[in-house]
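*Asks:* One structure, as structure tokens, below. Some questions next.
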Amino acid sequence: MQAFSLIEIAGTTAFAVSGSLAAMNKKLDPFGVFIIAMVTSVGGGTLRDVLIGRTPVGWMRDPTYVYCVIAGFFLAIVFRKRLDHLRKSLFLFDTIGLGFFTMVGIQRGLAVGLEPSICIALGTITACFGGVTRDILCNEIPVIFRREIYATLCIAGGCLYFLMREYLPFSKDVMSFITSGFIIMLRLFAVRYKWYLAPPTTA
Amino acid sequence: MQAFSLIEIAGTTAFAVSGSLAAMNKKLDPFGVFIIAMVTSVGGGTLRDVLIGRTPVGWMRDPTYVYCVIAGFFLAIVFRKRLDHLRKSLFLFDTIGLGFFTMVGIQRGLAVGLEPSICIALGTITACFGGVTRDILCNEIPVIFRREIYATLCIAGGCLYFLMREYLPFSKDVMSFITSGFIIMLRLFAVRYKWYLAPPTTA
Amino acid sequence: MQAFSLIEIAGTTAFAVSGSLAAMNKKLDPFGVFIIAMVTSVGGGTLRDVLIGRTPVGWMRDPTYVYCVIAGFFLAIVFRKRLDHLRKSLFLFDTIGLGFFTMVGIQRGLAVGLEPSICIALGTITACFGGVTRDILCNEIPVIFRREIYATLCIAGGCLYFLMREYLPFSKDVMSFITSGFIIMLRLFAVRYKWYLAPPTTA
């Protein structure tokens, strides 16, 4: 990644803050907190890069990612007692990251010539897998498998992208912008109106 | 993979059904169920491809894998209340998958010039690692580490393959067929006669 | 890796013994014990190789790793009731492995032209990630995130290496030797004097 946009910095940092908070909740030591922060923010992109063979993986080529994680880590440590007040801005960053990283994953898939359905999977992995690894390391069943229609939104956004790509004359940047915005709006609505997926009853 | 054989389709689908059932047992939401289904069926081959550097990994190159997972997912959702009746056919598919995927892993290792012992490890990873990841995501100690001599059978089959390769004039296809059949028969016997490995006593 | 030094053999074997003991504690069957032993000793190097794209990963290219794991596995099985007496030598090997594998990871990173901070991360991954995976497979929060300043020592050692590299005219071998020794001594002190990192209080 040549140019590290402001929004990517915000997304990476927000993910790092969310990872740090989860780890501090589990009473991990500072090193553990840092690792969970790192994994939460770069884990998704790392898995994506490993799966498509783009190595060394992203954060190894551009230290900006690591700086964002360090910033998020210290923000979480310093403001940990006041983050209740920040919860709204955190949620916003996390949501922006969700929309943004989905698009990054889709673009990376297109760049190596993969099919739309696989690109959507890559977008979802990029946006969601960091949180999954965070939960596994904290010894919990990943939250996105249980509550909140987090990943489903990434998939919906990915479908929108490829529909536009097929039928509308928009440029890549415009489509990326619309897709990210769509995912972000969907999530704001989903949380506001408590949309969720019910588990299939097995009884 | 050029030709997707009927048996690979059956094995992938059976693994997806088994993953979906495990996830529904844990009350995951439909997205979580789908991911566990995906991981259970393609996780082993994905790890194998990552370890030998065959990227983009298999399911990204051939969407047939994803279609099989989707089919297994819907089968499990639709028939979840009647799967007791299907348990025998499921067990059979799972066992066929075990024999088949072990051979796929061995062939992939040979294709990149690895040693027999490493090829056997790759066969075992291909056949067993999906189930291991399923159990980790569901927050359990992987079942193959505790009960059932699942992976041991893959190793036995792999040894048979390389013994035949060294000492017998069979063609590759014949040896693959014999090896898969050997693993399948062994597992049927193992479950029928309750063979298992006792944990080393530490007391 | 052309020449497999005595110290790497000792480190790999010690890690395998420590993994086997952890797995036997969890009452896993012999296959499970072997896999945990394997993952504990080669897991860190495997993740490192996957992240930098050095595939097939190390233990697939040189079976010596696998032989060390097998040796460690049998040592642990045979001496499991007497390992209390061996605990000190085990701890020593584990510590030697820590210092040694950190240097291996740093060298691998330098070999592909990565930045110092990324090389230090690779060293830490090489030395620590095997233990992390062991704990995840045994369904525990990784111990290095909770107690003991294990990974912090690797990072300290890595910083020392790059400081020497910048300011001192030592050869690569001398610097590697000093760095490994520094990490080993730090850990002996850390355990002797009970250094640890306190979790950030969230209350």
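Backbone N, Cα and C atoms are what each Cβ position is placed from, and that goes for glycine too.
Any TrEMBL annotation is an automated prediction that lacks curation.
What TrEMBL records for A:6-24, A:31-52, A:64-79, A:91-111, A:117-137, A:149-168, A:174-190 is transmembrane segment. TrEMBL lists A:6-80, A:92-165 with the feature domain 'Glycine transporter'.
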*Asks:* Give me the mean pLDDT over the domain 'Glycine transporter' (A:6-80), rounded to a whole number.
*Replies:* 87
*Asks:* Hey, does the transmembrane segment (A:64-79) touch the transmembrane segment (A:91-111), meaning at least 3 C-beta pairs closer than 8 angstroms, sequence gap 6 or more?
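*Replies:* Since fewer than 3 Cβ pairs under 8 Å link them, the transmembrane segment (A:91-111) and the transmembrane segment (A:64-79) do not come into contact.
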*Asks:* Report, as numbers and ranges, which residues of the same chain sit near the transmembrane segment (A:31-52): CB under 8 Å and 6 or more residues beyond its ends.
*Replies:* 12-13, 15-20, 22-24, 58-59, 65-66, 68-69, 72-73, 76-77, 101, 104-105, 108-109, 112, 114, 122, 125-134, 137-138
*Asks:* Which residues of the chain, 6 or more past the ends of the transmembrane segment (A:64-79), have a CB below 8 A from one of its CBs?
*Replies:* 4, 9, 12-17, 19-21, 24, 30, 33-34, 37-38, 41-42, 58, 86
*Asks:* Work out, from DSSP, the number of helix, strand and coil residues along the domain 'Glycine transporter' (A:92-165).
*Replies:* 61 helix, 0 strand, 13 coil
*Asks:* Would you mind splitting the domain 'Glycine transporter' (A:6-80) into helix, strand and coil residue counts from DSSP?
*Replies:* 62 helix, 0 strand, 13 coil
